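Listed features, source Swiss-Prot:
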type    : residues                                    : note
BINDING : 166-173, 191-195, 212-215, 280-283, 309-311 : GTP binding site
BINDING : Ser173, Thr193                              : Mg(2+) binding site
DOMAIN  : 1-159                                       : domain 'Obg'
DOMAIN  : 160-328                                     : domain 'OBG-type G'
REGION  : 122-142                                     : region 'Disordered'
Amino acid sequence: MHFLDQAKIFIRSGQGGPGAVSFRREKYVEYGGPDGGDGGKGGDIIFEAVTGLNTLIDFRYAQHFKAQRGHGGAGKNRTGAGGNDLVIKVPVGTQVLDDDRETVLLDLTEAGQREILLRGGDGGRGNASYKTSTNRAPRQHGPGWPGEEMYVWLRLKLLADAGLVGLPNAGKSTFINQITNTKAKVGDYAFTTLRPQLGVVRHRNREFVLADIPGLIEGAADGAGIGDRFLGHIERCRVLIHLIDIHSDVDPVEAMHIVEGELEAYGAGLDEKPRLVALNKIDLVDKELVKAFQDELLEGGADRVFPISGATGKGMDALLDAVLEYLPAATVTERPTGEVEEAEDQKPWSPI
């Protein structure tokens, strides 16, 4: 499935139905007069967060969403039926932003969460409501109030408990393959990972979701590389794992400061999140060098440093034990039975 984390769509709520112009004329029935009913209310635009989806790709092809108009009123003071609401289904973690791409209108973080963004217009008044002591047979009626419309941006921020950051080619794909059920692409070149990856980690009878984003380079916050665009996907993480390649040409302390500088430049509180520094690829160097770099990182500002090997799995248990310290009682995947996603039906996916 192709990954898309931003999409622009047009939405319009339904217009209210027109009021009716009707008069009661029945044989042997006294007191006739106007009996036109009011029009029905237009349909609302509703966003619903659903499980089982982690891309906005469907909104590349369906970009206009309009709720149904309310039905017209009828004689005998019958109110028209309301228009059907339009429910737009989006992945959990989706934000709905105004056309300026900055103002957050909705933030859908829970499965099943429903929010009304645009309300349908009220129905127009029927002629019965215009009757007065001086106007016994009014013929005017309300056409129905118009609905609301606007362009909005959808932005997906994946829900993960822990985030994985580092320079390109730091070994993040190998690392996430080692500890999760994900099979990320691995290559001996920078930017092997071109889009965020999610994997479920199971450790000591716990499980949590780990997000891997494309590598960061110096100046990413100013548009260099590709990693800055995806930093939003780790905004919701409780802890970050900073992977540093001990076998790289870049000094580990310098690598740490580059990534920390980009997190601070991006903002959104990323630089304030707890970070666990993982010194990766220790299977390629001797123990003395590992100890020396570990000490340098601690002196350079790291709170905790974990020597690991993504290829062999060495040191992983200690690192994952530390991650568990920052997790809530129930992570993204640890939910009561009643909240677990229901079995998939056979209907093809549609955003409405």
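Even glycines carry a Cβ here, placed using N, Cα and C.
Among the listed binding-site residues, namely Gly166, Pro214, the Cβ with the most fellow Cβ atoms inside 10 Å is that of Gly166. Under the three-state DSSP scheme, Ser173 (Mg(2+) binding site) falls in the helix class. Sequence-remote contacts of a segment are chain residues at least 6 beyond its ends whose Cβ falls under 8 Å from one of its Cβ atoms, and for the region 'Disordered' (122-142) they are 16-23, 33-42, 70, 73, 77, 79-80, 82. Non-local neighbourhood of Ser309 (GTP binding site): Asn280, Lys281, Ile282, Asp283, Gly315, each in the same chain, at least six residues away, with C-beta under 8 Å from its C-beta. Listed binding-site residues: Lys172, Lys281. The one with the lowest count of other Cβ atoms within 10 Å of its Cβ is Lys281.
Asn169 (GTP binding site) is surrounded by 18 other CB atoms, counting those within 10 A of its CB over all protein chains shown. Residue counts for the region 'Disordered' (122-142) under DSSP, split into helix (H, G, I), strand (E, B) and coil, are 4 helix, 0 strand, 17 coil. Taking all protein chains in view, 22 other C-beta atoms sit within 10 angstroms of the C-beta of Ser173 (Mg(2+) binding site). DSSP assigns Pro214 (GTP binding site) to coil in the three-state reduction, outside any helix or strand.
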